[in-house]
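Q: Below, the features straight out of TrEMBL:
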- B:16-37: transmembrane segment (TRANSMEM)
- B:44-64: transmembrane segment (TRANSMEM)
- B:70-89: transmembrane segment (TRANSMEM)
- B:101-122: transmembrane segment (TRANSMEM)
- B:142-163: transmembrane segment (TRANSMEM)
- B:184-213: transmembrane segment (TRANSMEM)
- B:225-251: transmembrane segment (TRANSMEM)
- B:272-296: transmembrane segment (TRANSMEM)
Amino acid sequence: MKFKSLVMAASMAAMAAAGAVQAEGVKVGMITTLSGGGAGLGIDVRDGFMLAVNQAGRSDLEVVIEDDQRKPDIAVQLADKMIQSEKVDVMTGIIWSNLAMAVVPAATAQGKIYLSPNAGPSPLAGKGCHQNYFNVAWQNDNLHEAAGAYANGDGLKNSFILAPNYPAGKDALTGYKRFYEGDLAGEVYTKLGQTDYAAEIAQIRASGADSVYFFLPGGMGISFLKQYADSGVDLPVVGPAFSFDQGILQAVGDAALGVKNTSQWNKDIDNAANAAFVASFQEAYGRLPSLYASQGFDTANLLISAMDKADIKDGDAFRAALKAAEFDSVRGDFKFGANNHPIQNIYVREVIKEGDVYTNKIIATGLTDHADAYAADCKM
Amino acid sequence: MSIILLIEQALNGLQFGVMLFLMAAGLTLIFGVMGLINLAHGSLYMVGAFAAAATAAATGSFLLALVASLVFAAFAGVIVETVVIRRLYDRDHLDQVLATFALVLMFSEGTRWAFGSFPLFLDKPEWLSGTVMLPFGIEYSLYRLTIILVGLAVAAGLFWMIARTRIGIRIRAGENDREMIAALGVNISMLYTLVFALGAALAGFAGALIGAIQSVQVGMGEPVLILAFVVIVIGGIGSIKGAFVGAILVGMTDTLGRQLLPMFFGLFMEPAAATSTGASLASMAIYLLMAGVLLFRPKGLFGGA
């Protein structure tokens, strides 16, 4: 792997410079989606993570990166390989909830630390929580809950909601309904990977709704927004950040302008760590970072902050150091709840155009210091 | 549910079907004439969409983008046929599937290498945006209506070409007896390249038309390819008429299924359970249709006896 050798080279250079070898290093196994549909997300997480690793320049941190191709069976094989032959200490990288459910319980049961940079399926936050599992992004429902809360504040009373028919899609609509107090004009589950939404848009038109809430990550969201903009239906649209991240917006174009979406991060959050992150990411990769990149960056910095305080061989101390989360998160205040999931602000953003580039700006705070609904079920 | 919604959904189904026909026509021609299973057909769809997106970005013209999609997909088809596919005609179907699957992977990674993994932007032109008022007060997307008309025109042109022109006669002859038309002095390898390029151009054209309302990204062709295979199996492999009827059937079944099945289950189930059961069954509907057709017509609706 290119990055592996790059990191090795960087580590070696750092070692030569420092002239000292530290006692025990940490080996990280990153399994993420680098090819096929949805590769943009994995690439952003990887780039954000590696940016933080390179900036730290530590000789005792090695990263192995593998591509899961968004396939659960491949992710499981890679995880076995990393645990058994690569002997990694920490695992991270998985984007999709179904892959996380296939890999994380087995990895944590074998004593590996797992830091999730993206997926936050509800079972792992509730009954299936584990002391070795830390989620640095969000529990799946979080952004949708904030959208529901925002809809109330915005006076929306009759939402039409849709999501793909798979676990994260159901988590999404459950999350929205948990906070949303108005009526539902319709609730539709679409096929995962569907690209034509003419039938759903016709139903929206006929439903008498006053707004649309949708969770359609990746290419699904691009298709939906373009077709929606062309349909003559002009109800306000609200969504989670997943359909409005930096990688997708350029492909949607004007159709996304003005859409409200919810996110725990945006590039205009005002703190020193975020400003430095946005600038250095642009310098390193020549594009604006997305929320996935910010999550990868925070994940690496969380790990590095724990390495400063404890030895990976001392499990309890290392877990305590992780749980303290004493690092400068690019999203501002960040701490872990009892179930090792974030307690953080969720913001409402609006899609704008800066020069030629479509991006987001924060217009409100949706939920403050928000934890997840499953923490009570977690017996750790 | 109002009758207007039903008509609008029928139009949506028709549009979906016409688009599927563009894909399935090439696939079924290539199978019918050369006896080749071409998994890389979805990649040619993607090539067309990427060529259109790149051309539109460079020139700003949607019509030029459509022309580029035809030219580039046909060109890619000619290269693939002469370099790889030509060696597969005498092999069995397993070899063909393996080789064309390898082509899928190469096209995908090659496109990612050239364009990156982020989706590209391709939008319909200003003069095709917005909606039109159809009779009975149906508001319908002008672009989708255009796709229906263009698709029907292409279908008509294809029927005319196969039925009336010399090249059409050769294609039909090639379907019936390859050795014989070669013996009669027809340049068979030229004919194969031509048919392959034609199928590729149709797929690329579909990719460009659809790319404007969906997302232009690596891997966009594979889901459509699966549907196109369902279409040609329902229609009867090798039959253009079968591909047309099959495509419209699949388009209608899928679109109306998504609308009607959740409502049907809503009659006797909890709303949440009904939407989820209906959605699951709707995504199976076309495969149930295929199974049903094969039960009564094992060679498809218009398959040879």
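Positions of Cβ are set from backbone N, Cα and C atoms, glycine also.
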Q: Would you kindly check B:44-64, B:101-122, B:142-163, B:225-251, B:272-296 and say which stretch has the most C-beta pairs under 8 angstroms to the transmembrane segment (B:184-213)?
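A: Counting Cβ pairs under 8 Å, the winner is B:44-64.
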Q: Take the transmembrane segment (B:101-122) and find every residue of the same chain, 6 or more past its ends, with a Cβ under 8 Å from one of its Cβ atoms.
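A: Tertiary neighbours of the transmembrane segment (B:101-122) are 39-40, 42-43, 46-47, 49-50, 52-54, 56-57, 65, 80, 84, 208, 211-212, 215-219, 222.
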Q: What stretch of B:16-37, B:70-89, B:142-163, B:272-296 shows the most Cβ pairs under 8 Å to the transmembrane segment (B:225-251)?
A: B:16-37
Q: Counting CB pairs under 8 Å, which listed stretch among B:16-37, B:70-89, B:272-296 touches the transmembrane segment (B:142-163) the most?
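A: The stretch I would name here is B:16-37.
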Q: State the residues, same chain only, that lie 6 or more residues beyond the ends of the transmembrane segment (B:16-37) and have a CB under 8 A from a CB inside it; answer 'none' if no residue qualifies.
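A: Cβ under 8 Å, 6 or more out: 44-45, 85, 88-89, 93, 96-97, 100, 147-148, 151-152, 154-155, 158, 171, 174-175, 178, 191-192, 195-196, 198-203, 205-206, 209-210, 224-225, 227-229, 231-232, 235, 237-240, 242-244, 246-252, 254-255.
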Q: Please indicate, using numbers and ranges, the residues of the same chain that are 6 or more beyond the transmembrane segment (B:70-89) and have a C-beta under 8 Å from a C-beta there.
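A: Contacts of the transmembrane segment (B:70-89) (Cβ under 8 Å, skipping residues fewer than 6 from its ends): 34-36, 38, 40, 44-45, 47-48, 51, 95-96, 99-100, 103, 189, 192-193, 196-201, 203-205, 207.
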